[in-house]
Structure formats: C-alpha cells, structure tokens
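Here is the structure we will look at, set down as structure tokens.
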Amino acid sequence: MLAAGRRVACAVSGGVDSAVAALLLRRRGYQVTGVFMKNWDPLDEQGACSVDRDCEDAYRVCQKLDIPFHQVSYVKEYWNEVFSDLLKEYELGRTPNPDIVCNKHIKFNHFLHYAMDNLGADAIATGHYARTSLEDEEVFQQKHTKRPRELFRNRFEVRNTVKLLQGADLFKDQTFFLSQISQDALRKTIFPLGDLTKSFVRKIASEHGLHHVLKKKEACTTFPFQSMGVCFIGERNFEKFLLEYLEPQPGNFVSIEDKKVMGTHKGWFLYTIGQRARLAGLQGAWFVVDKDVSTGDIFVAPSTDHPALFRDLLRTNRVHWIAEEPPAELVRDKMMECHFRFRHQMALVPCVLTLNQDGSVWVTLVKPARALTPGQFAVFYKGDECLGSGKILRLGPSVFTMQQGRNREEGTKKEDIDKVEPAT
C-alpha cells in the first residue's frame, strides 16, 4: 500500500474534528503524528481558558489512536504575528478576524515547516471542513521548499495551481478561514473531513470511543458579536479582556439621524458595526452603524434593519489570491462577477470585482449587505472554489446616506422651482 510509507503530521486541538481527522488518516495506513500547538500563554493574564486541558485532551486522542504526540509552542509567534496585529486593528477602529490571520501565519506556515523540517513529515493535515483539487496521493508528490525561501519563485517552474474548494458540508465549510493561506501550504495539506458532514464526523468519533472530545464545546468562546473562536479569551467578558491591553478611549454614542448625543462609551474598539449598543435609560434597541476614530464618536441607529446599516460598495487592501495571481478574467477585463462573504456561514452574495493597480479591489454588491465591517476579510468564490480574500479597508456610502443625499437634492430642486417667477 502506497500510504504505508507516507508520514503525515496532523494538527490536534483536543476537539472532535481534529481527532477524527487523525483517526481517518490512521485508518488509511499513513504514519500519523499528532501535533498540539500552544499559541497562548495563560500565565500572561488572569484567564479562565485552560490550554493545559486542551493539550491533555489532544494527548488522550493520540494515545487512543496509538500515534506519537508532539507539543510545540508558538506563543511568541502568535503574539508577534497575530495578537499584536489584532490590537493594532482595534486601535484603528476596525474589527479584525484573528482566525484567518492565525491560519495564515501559524498553522499553515510555522506548523507546516516544523512538520516538514523537524518531524520529517511528507504532508500536514487539519480538521478543517474544506477540500482541494488534489487527490491525497498527489499531495505527497509536491515539492517542499525549506526556509528561507527565495525572494522570487522561479517563473520558469511549471506548476498547476491547486484550488481550495468548499467542503461537502456547506454549513460547516471553513474555506472562509483558509482564504489567506499560501499556494505552497495548500499543496502539502490534506483535509480528511472535506467530504464529510459534521454529524457523520461525530458518529465516527462515537463509534471509535472518542467520547471525551464529543463532550467538548465547539469552541472555547466566541466574541459577543460574531463567531471568531478566539479560545484564549475563555469565559471572560470580552470588554474586560480587551481593556487589559488597550487604554480606554471614552467617547459618545451619537444618533445617525439627528446627531444627538445618546450616551457615552469606554472606547470605539469595544464595538463593531451591527452590534447592539446598550444605552442606559432608552427604550428600544439601538445598533452601531459607524465609527469616527478621530472624534471617538460611535454612531447608532434605532433599529436592527436601519438603512444606515446597509451598503453595497467596499474596497479591500491588496487581495491574497490562492492561485498567487488574480483570475485571468479579472486581469483581462479589470472586472469580474463572483460571490463574496465577510462572515463565516453568511449566505454568499453576488458581486462585481473591479481590479485596482495596487492589487486591491472595489467590490460592488448586487444588493446592499448589512453591517459591512472594516477589518473583516472579504472572501471571494467562483462556484465551489474559494479564490482568496482581502481585508476590508473602506466602505461606500450607506443606503441612509444615499437617501439623505437624494432628499437634499430633491429639496434643492423644489426650492429652485419655487424661486421661478410664474409666467405672465
């Protein structure tokens, strides 16, 4: 059997998905090594999240499967390449997505090279619900380049692009979180769960006695306004956690409709667009629709579907394309139709991309989307292929702003008509 000599380093987190991924690889005959990545030091703060408990669960999985277990620390790398970036983004008034950044820098860079260079692995594997255009055996035929890489890849080297494809379980599909990983990493990665549903994965775990991981929650915690799965926050209040690292920046809640001050807040970085703003003494729900970092004002509106929450235009930074280059259609025509999302599990939205000279894109949506948020990633799709992503840096005017402009324009026209002297 070809698989017998193939060595695979499988990331194990102590959860059910990575456990079943390792199990399936073992059943296929690969020489599997489980690797637990420690990305956060609980001694750094007064946290409630137990990294040690996750490590113990991962170790028990490897014992159960009779595979070697390794633990590697990326605490320093995570701080420098993920968490520091997260803090800077919040200071700029944006809402970052550390999961995407972590996958790019830690799991599919540092872990990949550790597995290849230190463990002698031929490939890595994770428990993500995603697929690639390579068959598993083709992964082992891909060349691995040891670090440091050459500054420029040999342009005469002929390589067929490996595609990142959505998982069979579209509800659990995690290509969104993989949209910034490199082509080189994708070539050396196996996703054993790509063709499976979550319910079937849990069934496999149960049938093979992995009961301790079945009892665990999906993630240690999530942010209050969207699922990010930042495990090191634990059961703590997100506001208190962030204020451990950022100085309070008090400001006002301001009504987007009449610019009236509605209350005060401790810092614009504690709120994201679309989040409910709890305003003392006011009836009804108010929602964050915009932020002005220069003044510290957070603009709010009195309903969850207020037109100030909806926009149909955004601009990204330089897009990371999974194929390393923009799609040929986009290069040729400078425009391309595709689909996009900026939150995991949100419905894909038809859009048109316009390519800029700096590699960024304007994204024009066929209909306005709610709570487009600077700092989040716009992830692009063609069919079941994830093309890549770019960080949202700028937003077009909201539907509310456009309505106000039209109202002013119509009012001006009416005034002009009134000024015209009647014909005699």
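Every residue, even glycine, has its Cβ placed from backbone N, Cα and C.
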### Task
Given that Swiss-Prot annotates A11, V12, S13, G14, G15, V16, D17, S18, G127 as ATP-binding, name the residue from M37, M116 that shares the site.
M37
### Message
Around the C-beta of R276 (site 'Interaction with tRNA'), how many further C-beta atoms are within 10 angstroms, looking at every protein chain?
### Response
14
### Query
How many Å separate the Cα atoms of H128 (site 'Interaction with tRNA') and S13 (ATP binding site)?
12
### Task
Provide the three-state secondary structure of D17 (ATP binding site) computed with DSSP.
helix
#### Entry: Helix, strand or coil at A11 (ATP binding site) [DSSP, three-state]
strand
## Note on the structure
Within the same chain, the residues at least 6 apart in sequence whose Cβ is under 8 angstroms from that of A11 (ATP binding site) are S18, V35, F36, M37, K107, F111, I124, A125, T126, G127
### Task
Let me know how many other Cβ atoms fall within 10 Å of the Cβ of M37 (ATP binding site).
25
